[in-house]
Amino acid sequence: MALRCWDTARSLGSRIFGRYAFTVRALSSLPDKKKEFLHNGPDLQDFVSGDLADKSTWDEYKGNLKRQKGERLRLPPWLKTKIPMGKNYNKLKNTLRNLSLHTVCEEARCPNIGECWGGGEYATATATIMLMGDTCTRGCRFCSVKTARNPPPLDANEPDNTAKAIAEWGLDYVVLTSVDRDDVADGGAEHIAKTVSCLKERNPKILVECLTPDFRGDLRAVEKVALSGLDVYAHNVETVPELQRKVRDPRANFDQSLRVLRHAKEVQPDVVSKTSIMLGLGETDEQVYATLKALRAADVDCLTLGQYMQPTKRHLKVEEYVTPEKFKYWEKVGNELGFLYTASGPLVRSSYKAGEFFLKNLVARRKTKASKV
């Protein structure tokens, strides 16, 4: 998802210059500051930082947002991201390599990797650790993680190594996710639960979010993870029911995912449940609204909505680039439907750090309330 520096400059350069190729008559009616900007042209920072997107309003964007037959959509300006860099970014990357750990941030090419790993406004670095290796037994058409029928065996040292890494970073909120491991008897539930236990042993105050597979619908595996001591149980439905077969591996489906989320709350009512939906795959507004209602009916607490971005040419094409204004609309709808938290934006992902600050406070409040009862 994240673009390399040169690819970014090369692919976006023609769009940026082309967008500002005005006639002399059009230029004469512009404010002085904008004339000066057009005269000087964009610099390198405009290509890599997203600053250019702030110089015009989104409703002025003239490019196509919906894909026509046979075409590939161009990236709109609001989806440009900063190139990852900084001390925190390098520190996290080095620790991961030394302990042979993987992150979904890298494997899924997340566009927020620089912001989350580098810290940002809150100066707190966040990485989503991907357990059970870097190879998945599923083949979802939106995902860039490697796939194989028989991935390498689980690393017995991974739970302890993960706890060591988190302790070294000094984080107080961590997200654990994993590949699907249909080749393992319990889908890896015991492995995930053990990792949570190791984290809590080293730091009882740490808050742990687990973004889990569907475990082939095995509710005993769901229960094992839900009762492991985690604070947030997340499982992504990914898209609306009507697009499940097109987007996800045939072994996954909406109803199965809904049962996973519902069962986690049934066996551990104090856990915060969370899911995520990608937009831009061809869904309709009516389908999105019905999906949100179904999630609330299953007692899902938190929701994230983000733009689907095609990771490689082999994956599903983007059908539509949803505007930031439309994402704001879905955030409002989610809050009106009763979700405790709705994060909705083009670059929002299920593990996006903005939600974690809210969830941290939400979990803390629930624990305080429970202790007073």
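Each residue, glycine too, has its Cβ placed from N, Cα and C.
Over in Swiss-Prot, the protein carries these features:
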type	residues	note
TRANSIT	1-26	transit peptide
BINDING	Cys105, Cys110, Cys116, Ser351	[4Fe-4S] cluster 1 binding site
DOMAIN	121-340	domain 'Radical SAM core'
BINDING	Cys136, Cys140, Cys143	[4Fe-4S] cluster 2 binding site
Checklist line | Proximal but sequence-remote residues of the same chain as Cys136 ([4Fe-4S] cluster 2 binding site) (Cβ under 8 Å, at least 6 apart) | finding: Cys143, Val145, Lys146, Thr147, Ala148, Pro151, Val179, Asp180, Arg181
Check: Looking at the binding-site residues Cys140, Cys143, which one has the fewest other Cβ atoms within 10 Å of its own Cβ?
Finding: Cys140
Margin query: Cβ within 8 angstroms of the Cβ centroid of Cys136, Cys140, Cys143: which residues besides those meet this for the [4Fe-4S] cluster 2 site?
Written below: Arg138, Gly139, Phe142, Ser144, Val145, Thr147, Val179, Asp180, Asp249
